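Taken straight from Swiss-Prot:
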type     : residues                                                               : note
ACT_SITE : TYR95                                                                  : active site, charge relay system
ACT_SITE : GLU135                                                                 : active site, charge relay system
BINDING  : HIS85                                                                  : heme b binding site
BINDING  : TYR188, ARG204, GLN205, TYR206, SER207, PHE394, PHE395, GLY396, PRO397 : FAD binding site
BINDING  : GLY273, VAL274, GLY275, ILE276, THR277, PRO278                         : NADP(+) binding site
DOMAIN   : 1-136                                                                  : domain 'Globin'
DOMAIN   : 150-260                                                                : domain 'FAD-binding FR-type'
REGION   : 147-402                                                                : region 'Reductase'
SITE     : TYR29                                                                  : site 'Involved in heme-bound ligand stabilization and O-O bond activation'
SITE     : LYS84                                                                  : site 'Influences the redox potential of the prosthetic heme and FAD groups'
SITE     : GLU393                                                                 : site 'Influences the redox potential of the prosthetic heme and FAD groups'
Amino acid sequence: MLSEKTIEIVKSTVPLLQEKGVEITTRFYEILFSEHPELLNIFNHTNQKKGRQQQALANAVYAAATYIDNLEVIIPVVKQIGHKHRSLGIKAEHYPIVGTCLLRAIKEVAGAPDEVLNAWGEAYGVIADAFISIEAEMYEEAAHKEGGWKDFRNFVVVKKVKESDVITSFYLKPEDGGKVSSFIPGQYVTVQINIEGETYTHNRQYSLSDAPGKEYYRISVKKEKGVDTPDGKVSNYLHDHVKEGDMLPVSAPAGDFVLNMDSTLPVVLISGGVGITPMMSMLNTLIEQDSKRNVCFVHAALNSNTHAMKEHVEALDNEYEQVKAYTCYSAPTEKDLEMKNFDKEGLIEAEWLQTIIPTTEAEFYFCGPVAFMKHINATLTDLGVKQEHIHYEFFGPAASLQ
């Protein structure tokens, strides 16, 4: 239990964190990786280089300081981060290392006096305990469910399928021949990649793109081509070098962006690009469980060349009365224009969306590039969709949609 004095001191640093939060977290990671380079085997190097991880941590530290007197408010965020930590294999023994480096960064960047550092040290201990407790439960649950396991388990690529010019699916079965644990549609796994010539292991999270209950997991990976940045190292390696018969270490499914199976409301699934992957899991699950809920499936892509799983979704639309699928192309090819194989050219806009969704009293799920998600979030808000019915997933560190 933190004293009133400690709470007061921590809350007094909120303006400082608002101003210098990213500077502090940037310095924190510099200290962390220089003194503990082995942790580079856990963290996503690309997110570090792009500053996304630093921003995400700054947001989390700011929220912790703001609500240090009522941490229940940020428990949903703690759980969301906890899922990511569990999937990466972050353990209780890592937290003291992080705490020491964070306090050093606060001192170096902000010149914080000992009184502030001591208060933050106490506060960090309480916050770390919350993470450790929640993550311990997650590890326990993942390991003890049927077909479950702890940390990483070797999976064999039994099938590799090209879904579009940029997206390829990998079907994964356990090397040990055992069962795979079930998951909730929308969840992801971490895949561990060791690239020849690279010093450190690369970990990447990929949404499971098929319904649970199979003998395999399916991930569908976009080959990331850099614009003013290098190409995606891991996605290109998977596309170009990983073949059927190869082995990949995989963590048990995790994540809190999940389909609400208890709701009876209609479902609207909106995706941009590779954001289609968790939506495919949700759509396939609703079909396989014989759900009678109306499903509106809206996908945005450049054109048919980059549009993954188009034929599968169209087949479900044709076969099931409750499924309606719509496609939006921002750069249709001449063939697309000739064949008229899409519903709208340009972006997903409120006026068009309003004509195809069954009702605003529905559960809305969306995923895609950050700019796309900000646009969809604003559009749904403008249409009057209740916040509790809006669900979304970031590929990478969480960011603000405001």
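From the backbone N, Cα and C atoms, a Cβ is placed for every residue, glycine too.
Keep in mind that what you see is a predicted model, and the values were worked out from it rather than measured.
Shown on the structure are the features that Swiss-Prot records.
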residue	record	DSSP (3 states)
TYR29	site 'Involved in heme-bound ligand stabilization and O-O bond activation'	helix
TYR95	active site, charge relay system	helix
GLU135	active site, charge relay system	helix
GLN205	FAD binding site	strand
GLY273	NADP(+) binding site	helix
PRO278	NADP(+) binding site	helix
GLU393	site 'Influences the redox potential of the prosthetic heme and FAD groups'	strand
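Separation of the C-alpha atoms of GLU135 (active site, charge relay system) and HIS85 (heme b binding site): 8 Å, rounded to the nearest whole number. The distance from the Cα of VAL274 (NADP(+) binding site) to the Cα of GLU393 (site 'Influences the redox potential of the prosthetic heme and FAD groups') comes to 12 Å. On the 0 to 100 pLDDT scale, the domain 'Globin' (1-136) averages 92 in the predicted structure. A straight line from the CA of SER207 (FAD binding site) to the CA of HIS85 (heme b binding site) spans 16 Å. Near LYS84 (site 'Influences the redox potential of the prosthetic heme and FAD groups'), with the C-alpha within 10 Å of its C-alpha, lie none of the recorded positions TYR95, PRO278, GLU393.
Taken residue by residue with DSSP, LYS84 (site 'Influences the redox potential of the prosthetic heme and FAD groups') is part of a helix. Among the recorded positions listed here, namely HIS85, GLN205, GLU393, GLU393 has its C-alpha nearest to that of GLY275 (NADP(+) binding site). Looking only at the recorded positions TYR29, ILE276, PRO278, the one with its C-alpha closest to TYR188 (FAD binding site) is PRO278. Using CA atoms as reference points, the recorded positions TYR29, HIS85, TYR95, GLN205, GLU393 were checked against ILE276 (NADP(+) binding site), and the closest is GLU393. Following the DSSP three-state reduction, the secondary structure of TYR188 (FAD binding site) is strand. In this structure, the C-alpha atom of PRO278 (NADP(+) binding site) lies 30 angstrom from that of TYR29 (site 'Involved in heme-bound ligand stabilization and O-O bond activation').
GLU393 (site 'Influences the redox potential of the prosthetic heme and FAD groups') has THR277 as its nearest neighbour among the recorded positions TYR29, HIS85, TYR95, GLY273, THR277, going by CA to CA distance.
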